[in-house]
Amino acid sequence: MKYYIFTYGCQMNKNDSEMVSGILKSSGWEEAKNVVDSDLVVINTCSVRLHAEERAIGTISALKKLGKKVVVMGCMSEVRGNEIMSRFPHVQAVLGPSYEAHILDVLNGERRILVGDEKVDFEKYSSANRKEKHSVYVSIMKGCDDFCTYCIVPFTRGRVQSRDPESILEEVRVCVDNGAVEITLLGQNVNDYGKDLSGWDFVSLVERVATIDGVRRIRFMSPHPANFKKDDITRLANLPQVAPYYHLPLQSGDDEILRRMNRKYTTGEFAELVGFIRESVPNVAIGTDLIVGFPGESDEHFQNTFKFLEKMQFDVVYMAIYSPRPGTAAARQETSFVPAEVAKARYDELLRLQEKISYSINQRYVGTLQEVLIDREDKTTGKFIGRTPTNKTVVFTSIRHVSPGEFVDVRINEAKSWVLYGEAAD
């Protein structure tokens, strides 16, 4: 029997799919190379934006004519699970994020829907079927307690549940034994880790991970700026394994919009935090997220965001146009929605600005020697692709063949907004 998994959305979803793949493989299933050859199709869904839901619905609908057994899981299961079961009789089961480890229990018998905020079986992540062995993602928690007004995650993934630290450390050890050199710790707001445990916090966990032999780089995504303390940053800066790249979701550069979003910080506080990170971590790169067109965003609000983006000089910015999510506070502000064409124009303007900023920042890398972790080889061009400690993508040539998981010194000879180019130094 063969299975195939479609995954939509964030890195946490990709990690969940690897966990489910591991469960299926350990029970005798074989992963199919394509959906046509499969007997079971698992669709891991995302509800952060409407577009992600529409893509998943399109996939579910298209599978009807193939006659496959279908299981739908992920965030969309929590908010549209009943609708999916009623609209699509070919769907065998719907599993919310807390129930994904129960995949084997729902493959036969009556159609089932398992949703709700239950205790997550984190132990199942230890048997994840990872696509990459050298760079792995490890889930340290589920859920969120912050309730930003635009965000559906607390409603789909529930409240914060911290994973047992010894379970996390053991998974990291197993990954290292299997070839991992880079570990990325995953959580909705990773610095909330440990709030439901005794004697643990996020930085304590990172400090323990750093003691494991073979861990060369540690990354994490993402901390909430409101809860990221200077003492945390100082402790992290003292760990040589922690990569000098910090992703801090800003969401808006206007204080009034931040207040309406329930982000719990001001632009001044955010700028102070970034300044402290830049002082504490040599050659650090900073990334962020922005939402454009939040309900009630005026031209003045937008211009404040534009100016703040200019001021902060982020290395990379992931932007999205606001998408109303059912059940969230912001979605009830229909009378103040920003017209789609206005939001798109603002998005384009910010993107053009950030392209210039990123291009300017990346020019500083030209002529430098960077330690690059190899991710893959481009079979078409014969070039290799990897990442610097600051998470810059590097495309380079090498006289000798190099493999994923190797660290190579690369001389950078060209830089664009999103990619560096170079040659291996050896």
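Note: Cβ is positioned from N, Cα and C throughout, glycine not excepted.
Taken from Swiss-Prot as is:
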- 1-112: domain 'MTTase N-terminal' (DOMAIN)
- C10, C46, C75: [4Fe-4S] cluster 1 binding site (BINDING)
- 130-360: domain 'Radical SAM core' (DOMAIN)
- C144, C148, C151: [4Fe-4S] cluster 2 binding site (BINDING)
- 363-426: domain 'TRAM' (DOMAIN)
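For the binding-site residues shown (C10, C46, C75, C148), fewest C-beta neighbours within 10 angstroms: C10. Taking the mean position of the Cβ atoms of C10, C46, C75 as the [4Fe-4S] cluster 1 site, the remaining same-chain residues with a Cβ inside 8 Å of that point are Y8, G9, M12, N13, T45, S47, V48, A52, G74, M76, T156. Across the structure, C144 ([4Fe-4S] cluster 2 binding site) and C10 ([4Fe-4S] cluster 1 binding site) are spaced 15 Å apart at their Cα atoms. Within 8 A of the CB centroid of the [4Fe-4S] cluster 2 site residues C144, C148, C151, the other residues of that chain are D146, F147, Y150, I152, V153, P154, Q188.
Cβ contacts within 10 Å of C151 ([4Fe-4S] cluster 2 binding site), excluding its own Cβ and spanning all protein chains shown: 21.
Shown for the domain 'TRAM' (363-426): DSSP residue counts in helix, strand and coil, namely 1 helix, 33 strand, 30 coil.
In this structure the alpha carbons, written CA, of C151 ([4Fe-4S] cluster 2 binding site) and C75 ([4Fe-4S] cluster 1 binding site) are 12 Å apart. Under the DSSP three-state reduction, C75 ([4Fe-4S] cluster 1 binding site) is assigned to helix. Looking at C46 ([4Fe-4S] cluster 1 binding site) and C148 ([4Fe-4S] cluster 2 binding site), their Cα atoms lie 17 Å from each other.
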